[in-house]
Amino acid sequence: MTGGVLPAFAPIWALTGLGYLLGRFRVLGEGAEAALTKYVFVVAMPAVLFTTMQDTPLTALLNPGVVAFLLGTVVVGAIGFALGKWVFRRKLSEWAVSGMASCYANAGNLGIPVLLQLFGDSAFIIVVILLQTLVLMPALLALLETDSREPGRSRWRTLLMLPVRTPVIAASLTGILFRASGLHLPQLVAQPLHLIASAGVGTALLVLGMSLTSGGSREPVGTRRAEMATVVGLKLVAQPAITLGIGLLLGLPHPVLMIVTVCAGLPTAQNIFIATSQYALDSRFVRDCVLVSTLVSMGSLSLVSWLVGEFL
């Protein structure tokens, strides 16, 4: 390992803090948070996902750690779904969000610097991004669309129309098609698209910070805290532990085992916050899960990497 994880968090807190100041002093005016949220979901995130899918060979999924990471993610997500539905008594869209917040890792803007700091190699993050983009995000959006569909609209029709109605999925599928076919956008289109994509993560963090000025959750404090603690515990403790166990059962080489376990221990991604905001859910709960898991992970990631390196 080449170093600690703390330097990787500096840009996240800086942009979140800037977003808070922008929201606190109304620098961008009323309605800025809602407008930027829509911009990130409709424009920036699709640009990020299209360029990622187009630039990434699907052969990256042949990495030996894929099965361990995917199974760990599915198991923890299922636990999060079950707890949200039957313990915290949430409706479909809410337990879907709780489940995804329990297992959707902040791979894009935190995973890369963390792996570089710890191992000097961030190649596995591409695998994580692919899995989350191709499996988790479509699953979340399908559940949210199903729960928010118009009365009388068929569930199957809603799901079939998902790529058309949801720019995030449409952009991902288009990027895959471009990659598979060998097509390339003309530079006149590709360059501005990459510029939009490069600012997407930063804008999402600004929105996250701005949301801190919008007040607390509508739920009773005790209920929300218990649920948030559950989500954060699943994300930072259960997911790396379960992924580690699966990796050991599969006999993964030690270097791969360490990287997969650390990736599983990354905090909740702000993508979940953006999705809940777009669907007019109580995004403040997810916001708090993102912030608390990110804060706690500054210590937990160091602990996970040390334990795996020291005792396995």
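Counting starts with 1 at the first residue shown.
Backbone N, Cα and C atoms are what each Cβ position is placed from, and that goes for glycine too.
Annotated in TrEMBL:
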type	residues	note
TRANSMEM	6-23	transmembrane segment
TRANSMEM	35-53	transmembrane segment
TRANSMEM	65-88	transmembrane segment
TRANSMEM	95-116	transmembrane segment
TRANSMEM	122-144	transmembrane segment
TRANSMEM	156-180	transmembrane segment
TRANSMEM	192-212	transmembrane segment
TRANSMEM	232-250	transmembrane segment
TRANSMEM	256-277	transmembrane segment
TRANSMEM	289-309	transmembrane segment
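Counted over residue pairs 6 or more apart, the CB atoms of the transmembrane segment (6-23) and the transmembrane segment (232-250) come under 8 Å in fewer than three pairs, which marks the two as apart. Here the transmembrane segment (256-277) has Cβ contacts under 8 Å with residues 34, 37, 40-41, 45, 63-65, 68-69, 72-73, 97, 100-102, 104-108, 110-111, 114-115, 118-119, 121, 124-125, 128, 132, 137, 140-141, 144, 204-205, 207-208, 211, 231-232, 235-236, 239-240, 242-244, 247-248, 283, 286-287, 289-290, 293-294, 296-297, 300-301, 304-305, 308-309, 312 of the same chain, all six or more residues outside its ends. If one looks beyond the transmembrane segment (192-212) by at least 6 residues along the same chain, the residues whose Cβ comes under 8 Å of a Cβ in the stretch are 12, 15-23, 32-33, 36-37, 39-40, 43-45, 47-48, 50-52, 108-109, 185, 270-271, 273-274, 277, 283-284, 287, 290-291. Using the rule of three or more Cβ pairs under 8 Å, pairs at least 6 apart in sequence, the transmembrane segment (232-250) is not in contact with the transmembrane segment (122-144). For the transmembrane segment (65-88), the partner stretch with the highest count of Cβ pairs under 8 angstroms, out of 35-53, 122-144, 289-309, is 122-144.
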